[in-house]
Amino acid sequence: MEASNSRMQTFGQTEINWDKLDKTKFYVVGAGIFTGVTVALYPVSVVKTRLQVASKDTAERSAFSVIRGILKTDGIPGLYRGFGTVITGAIPARVIFLTALETTKVAAFSMVEPFKFSEPTQAAIANGIAGMTASLFAQAVFVPIDVISQKLMVQGYSGHAKYNGGLDVARKVLKSDGIRGLYRGFGLSVMTYSPSSAVWWASYGSSQRVIWRFLGQGTDLKEVAPSLSTIVAVQAAGGIIAGATASCITTPLDTIKTRLQVMGHEKRPSARQVVRNLIADDGWKGFYRGLGPRFFSMSAWGTSMILAYEYLKRLCVKDD
């Protein structure tokens, strides 16, 4: 029992509970921090999306060729197509996500505690439940933003229509398909992002515990609290592991979802047709189009996001 309390104390020294945070500061400062992270990593999403929607005859079939093509035709701004739309919707979506994540995580830990699972298993289950729940809530805002931004990302590419900004996309989608058009691929988005979020947060929570045990933390009642640099290194490693795991598991669904969302209303392929076309063009490996950029994006984004997130929590702790 004493050893168990020691482990909990060690992990308590590296994690900050939701009820200890200044929520107003958390949301305001967080909006700025996460906007900066999005600016840095957004081009990877553009490249991934173009790879996923490329037709069989498209010359640009690698990430580097896509980047060269974008820079040649549009310069640096081409790597940020749809960015304004994403930032506009990302702030409320992230507020919803983080609030649901933290509140659900507390409830989930209380729920699994009586089962006496190991610390990594408890963390995986509680974080996984929290990640999935948070994603479900956030999709209501995120899916329309995703539809609009992805159409902007691929406009004029591989036969896709051109638009005059996010509002033009929204207007044309509403005119042709109504409100349902903005939620095209909603089911697949939930099927993609909710498991992805669950896998990501479960991997992050459990990998941290495993790493701490590997480092010998939580095994000595007289141990010194880990340094800030050690905490940051462990959190970064957890972010990389989580991003790599989630990207490998969920890329096929993400590819199908992206193709459904960017196809013009005159084509209207079903999910089954998208699957058949991918297999016809590239075989089963077609489902992993854009895996490289998605792998990099989720690992880099995961590491950057979690470090920013944990830093933000330390920054926003209430004064006693």
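Including glycine, each Cβ sits where the backbone N, Cα and C put it.
Annotated features in TrEMBL:
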type	residues	note
REPEAT	23-107	repeat 'Solcar'
TRANSMEM	26-47	transmembrane segment
REPEAT	122-210	repeat 'Solcar'
REPEAT	230-315	repeat 'Solcar'
Residues in the repeat 'Solcar' (23-107) grouped by DSSP into helix, strand and remaining coil: 73 helix, 0 strand, 12 coil
Predicted model, mean pLDDT over the repeat 'Solcar' (230-315): 82
Counts by DSSP class (helix H/G/I, strand E/B, coil) across the repeat 'Solcar' (230-315): 76 helix, 0 strand, 10 coil
